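**Student:** The structure's right below; bear with me while I get my questions together.
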Amino acid sequence: MNPNQKIITIGSVSLTIATICFLMQIAILVTTVTLHFKQYECSSPPNNQVIPCQPTIIERNITEIVYLTNTTIEKEICPKLVEYRNWSKPQCKITGFAPFSKDNSIRLSAGGDIWVTREPYVSCDPGKCYQFALGQGTTLNNRHSNDTVHDRTPYRTLLMNELGVPFHLGTKQVCIAWSSSSCHDGKAWLHVCVTGHDENATASFIYDGRLVDSIGSWSKNILRTQESECVCINGTCTVVMTDGSASERADTKILFIEEGKVVHISPLSGSAQHVEECSCYPRYPGVRCVCRDNWKGSNRPIVDINVKDYSIVSSYVCSGLVGDTPRKNDSSSSSYCQNPNNEKGSHGVKGWAFDDGNDVWMGRTISEELRSGYETFKVIGGWSTPNSKLQINRQVIVDSGNRSGYSGIFSVEGKSCINRCFYVELIRGRKQETKVWWTSNSIVVFCGTSGTYGTGSWPDGADINLMPI
């Protein structure tokens, strides 16, 4: 090859390489510009409209890094939108309840480090359910568990685990509390945590892991709250709190909270005479609660909360098959919707019920005097007809020979409807079982079903003779 041919060949190769590099730079430039404009757009599947990401509140910010030669291109994927829950779907139509979860905490305590607890409840965020309880600052196989029958100490804290995970040593202590309520507004968790002296307690309002607000005791007599989930609609969360006598008139208030800040307080109004430990559920556009009258009635009070104008209406469940313990036998018990029945009203237990048209679903202890056994059933006309007593779809959850305790409701939003679920506290130890010095619990959880179901009994199941003393 002569010198001229070499020069021509080298020039051709150089020109080809230069052309390729030029085309690559154009491709990189086009890609960069395209991704720059697309990082702020999300395609909306239903109608292919373009929705800007920036003005919305996002849950997570995911960035992918793509390397092309020496050029770095950042592409931001539009994240999942996070919105306040509004609970506007209808209530699911159910035929009864099916088993959902059981934590077996007491049985596991025989050979492991499990917290001593009471006052459990369940609540769900949009994607997952969690179990809560008030811990006693000790595990069961620890001498500090002696005398944990007492409700209020400075060592009690609110525990939170994924539903079905017992409260082990790695459990998160959400706040200091001997009375509590928790709920998720669609964006973050709100925890209402009461602690302090009986005559001057403090309620702390913790939102998204930060203390946002607080309120002190207004009647100087054991400020207390629901011991089950609160409810949030369109960013406004409601919680029922009582301060005052447990056996005479007390001062109940309904607090309205937005992102942890108390924005309004309404006094209880209506015909309810005594209200404690409410079990609340969303009933769009408001919130409905079924509570405990510890003074006059073994029929349960109802508190209806209007989230928009902060108004409150209260009454009593109409069903003549009443839900509290102690109570009269079913043949002689009564309820006429508006007032306490003055039947074994003193004392009581936390419980639940919810309306289904004119009917009512409810749960209660099987024993009329003790926290033993647990049953659920539907009362035809039990929400609207005074002293209605036609019972259908009865189920035994815990047989009458085994202990139960508090129970409460929680709601789960499905694709087309809102399902109602409940938990039952299964208390073990003192005061009834004096062979041991501790008092603690496990839980069992059921949810509404439109299908068929069988029978059974789901007690705590721990052999007290095998337990640490």
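Glycine is no exception: its Cβ is also placed from the backbone N, Cα and C atoms.
Keep in mind the model is a prediction, meaning the values are calculated, not measured.
Feature table excerpt (Swiss-Prot):
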ACT_SITE  Asp151  active site, proton donor/acceptor
ACT_SITE  Tyr406  active site, nucleophile
BINDING   Arg118, Arg152, Glu276, Glu277, Arg292, Arg371  substrate binding site
BINDING   Asp293, Gly297, Asp324  Ca(2+) binding site
DISULFID  Cys92-Cys417  disulfide bond
DISULFID  Cys124-Cys129  disulfide bond
DISULFID  Cys183-Cys230  disulfide bond
DISULFID  Cys232-Cys237  disulfide bond
DISULFID  Cys278-Cys291  disulfide bond
DISULFID  Cys280-Cys289  disulfide bond
DISULFID  Cys318-Cys337  disulfide bond
DISULFID  Cys421-Cys447  disulfide bond
REGION    91-469  region 'Head of neuraminidase'
TOPO_DOM  31-469  topological domain 'Virion surface'
**Student:** What's the longest C-alpha separation between any two of Arg118, Arg152, Glu276, Glu277, Arg292, Arg371, the listed substrate-binding residues, in angstrom?
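**Tutor:** It comes out at 20 Å between the most distant Cα atoms.
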**Student:** List, in sequence order, those recorded positions among Cys232, Glu276, Glu277, Cys337, Cys421 whose Cα sits within 10 Å of the Cα of Asp293 (Ca(2+) binding site).
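**Tutor:** Near Asp293 (Ca(2+) binding site) by Cα: Glu276, Glu277.
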**Student:** Can you give me the same-chain residues 6 or more apart in sequence from Cys280 (disulfide bond) with a CB-CB distance under 8 Å?
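**Tutor:** Within the chain, Cys280 (disulfide bond) has Cβ neighbours under 8 Å at Gln226, Ser228, Glu229, Cys230, Val231, Thr238, Val240, Val287, Arg288, Cys289, Val303, Ile305, Ile409.
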**Student:** Just to be sure I understand: of Cys237, Cys278, Gly297, which recorded positions have a C-alpha no more than 10 angstroms from the C-alpha of Cys183 (disulfide bond)?
**Tutor:** Cys237
**Student:** If you measure C-alpha to C-alpha, which of Cys124, Cys232, Cys291, Gly297, Cys447 (recorded positions) come within 10 angstroms of Arg371 (substrate binding site)?
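**Tutor:** Correct set: empty; none qualify.
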**Student:** Say you check the Cα of Cys124 (disulfide bond) against those of the recorded positions Asp151, Arg292, Asp324; which is nearest?
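**Tutor:** Checking each of Asp151, Arg292, Asp324 against Cys124 (disulfide bond), the shortest Cα distance is to Arg292.
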**Student:** Taking only the residues in the topological domain 'Virion surface' (31-469), give me the average pLDDT of this model.
**Tutor:** 92
**Student:** According to DSSP, which kind of secondary structure is Asp151 (active site, proton donor/acceptor) found in, if we only use helix, strand and coil?
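**Tutor:** In the DSSP reduction, Asp151 (active site, proton donor/acceptor) maps to coil.
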**Student:** Quick one: Cα separation, Glu276 (substrate binding site) versus Cys291 (disulfide bond), in Å?
**Tutor:** 6
